[in-house]
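J.: Dumping the structure here so I can ask a few things about it.
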Amino acid sequence: MLYDLAHPLAEQFFLFNLFRYITFRSGAACMTALIVSFLLGPALIRWLKSVQRGGQPIREDGPERHLLEKKGTPTMGGVLILAATGISTLLWTDLRNGYVWAVLLLTLGYGGIGFADDYLKLSKRNTKGLPGRVKLIGQAVIGLIAAIWIMSLTRDPLSTGLAIPLLKDVLIPLGFAFPLFGMLVAMGASNAVNLTDGLDGLAIVPTIIAAGVFALIAYLVGNHVFATYLQLNEVAGTGELTVFCSALIGAGLGFLWFNAPPARVFMGDTGSLALGGALGGVAIATKHEIVLAIVGGLFVVETISVIVQVFWYKRTGRRVFLMAPLHHHFEKKGWPESTIVIRFWIVSFILALAGLATLKIR
């Protein structure tokens, strides 16, 4: 909105010329989201505590100390992330850009599904929430619409192509299967972040790191000069997603202020499903879906641990891990929560560097 207001004045007042630069608006978006989080956070947490007298329902079969340490902590803090990201994005992006709206659809749509899930968990006082089938159908519909939208904005042959990291000029044509592929990327990213969100600060920092990587990727592939130099597939218009990712980073940092151990609020499915959807949407738009699996490798491993646990238990009646997802396995082994969280952050940072390396190694 501010971009649209300032752009016509850029010729008369040189300060307004700053609004033309994605880098300036990205920094402003990050700071705006951070400030919004700080301003809204305390009041939102007080309100959530007042309406959620028992806090987030805790799994009875989970680590025993969760029943003692985390009981009574309110959930649905993802509302704060969505509000800060949404306000900042609307203020600082070029609202004529279709990629921004497609990614916002995924973010807010998946956040809405998570909100309904959290609400049902609280109202029924159990950990079930929305039926799994209903949740997946909702995610599939929103993901499919967003993927088709993004495909319609992208030039051929990129619109339906899958780029392979490390290999230049290699584009696998998916054709009419691309919307289904994009849908699966969005759903997979969303649910992977959701599974990772089990300890204070565990999911939000890897999300911030991934958003930082994709802010850079969006800037590079949206810029003809940089995309040509690095031999990346140029996707005109995706530079605006740098502003969105920056807003996401600011909102994530603001949320971490309140989610740092011991957490005053949990993001709930409202936040985790939305964050994963946002990352998936940016990856689809920038044609870096496989790089997302590298940068978000922690989320991938957490998801695989659940799949392996369920599959092996159904086949043999035995468990591979003491408890899934993987972070609970280490809890059961006696690792302190802070140790697990910080080590997982370090792994995320290393994976982010690996993902960034694919941009140069060709």
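Just so it is clear, glycine is given a Cβ too, placed from its N, Cα and C backbone atoms.
Sharing the record's features from Swiss-Prot:
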type: TRANSMEM; residues: 28-48; note: transmembrane segment
type: TRANSMEM; residues: 72-92; note: transmembrane segment
type: TRANSMEM; residues: 100-120; note: transmembrane segment
type: TRANSMEM; residues: 134-154; note: transmembrane segment
type: TRANSMEM; residues: 170-190; note: transmembrane segment
type: TRANSMEM; residues: 201-221; note: transmembrane segment
type: TRANSMEM; residues: 241-261; note: transmembrane segment
type: TRANSMEM; residues: 265-285; note: transmembrane segment
type: TRANSMEM; residues: 290-310; note: transmembrane segment
type: TRANSMEM; residues: 339-359; note: transmembrane segment
J.: Using a cut-off of under 8 Å between C-beta atoms, tell me which stretch among 28-48, 72-92, 170-190, 265-285, 290-310 contacts the transmembrane segment (201-221) the most.
T.: 265-285
J.: Taking the transmembrane segment (265-285) as reference, which of 28-48, 100-120, 339-359 has the most Cβ pairs under 8 angstroms?
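T.: Of the candidates 28-48, 100-120, 339-359, 100-120 scores highest.
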J.: Flag the pair the transmembrane segment (170-190) / the transmembrane segment (72-92) as in contact if three or more Cβ pairs fall under 8 Å (sequence separation 6 or more).
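T.: Result for the transmembrane segment (170-190) with the transmembrane segment (72-92) is no.
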J.: With a Cβ cut-off under 8 Å, give me the same-chain residues at least six positions beyond the ends of the transmembrane segment (28-48) that come close to it.
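T.: For the transmembrane segment (28-48), the far contacts come to 74-77, 79-81, 83-85, 87-89, 91-93, 243-244, 246-251, 253-255, 257-258, 264-265.
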J.: Go through the chain and flag residues at least 6 beyond the ends of the transmembrane segment (134-154) whose CB is under 8 A from any CB in it; none is fine as an answer.
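T.: Counting only partners 6 or more residues beyond its ends, the transmembrane segment (134-154) has Cβ contacts under 8 Å with 98-99, 101-103, 105-106, 109-110, 113, 117, 160, 178-187, 190-191, 235, 237, 273, 277, 280-281, 284-285, 287.
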J.: Given a Cβ distance threshold of under 8 angstroms, which distant residues of the chain, six or more beyond its ends, lie next to the transmembrane segment (290-310)?
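T.: The answer is 162-165, 185, 188-189, 191-193, 195-196, 206, 209-210, 213-214, 217, 276, 279-280, 283, 319-321, 324-327, 329, 344, 347-348, 351-352, 354-355, 358.
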J.: Counting only residues 6+ away from its ends, which parts of the chain sit with a Cβ under 8 Å from the transmembrane segment (241-261)?
T.: 22, 25-27, 29-38, 41, 45, 77, 80-82, 84-85, 88-89, 92-93, 99-100, 103-104, 200-201, 204-205, 207-208, 211-212, 214-216, 218-219, 222, 267, 271, 275, 278, 282, 285-286, 337-338, 341
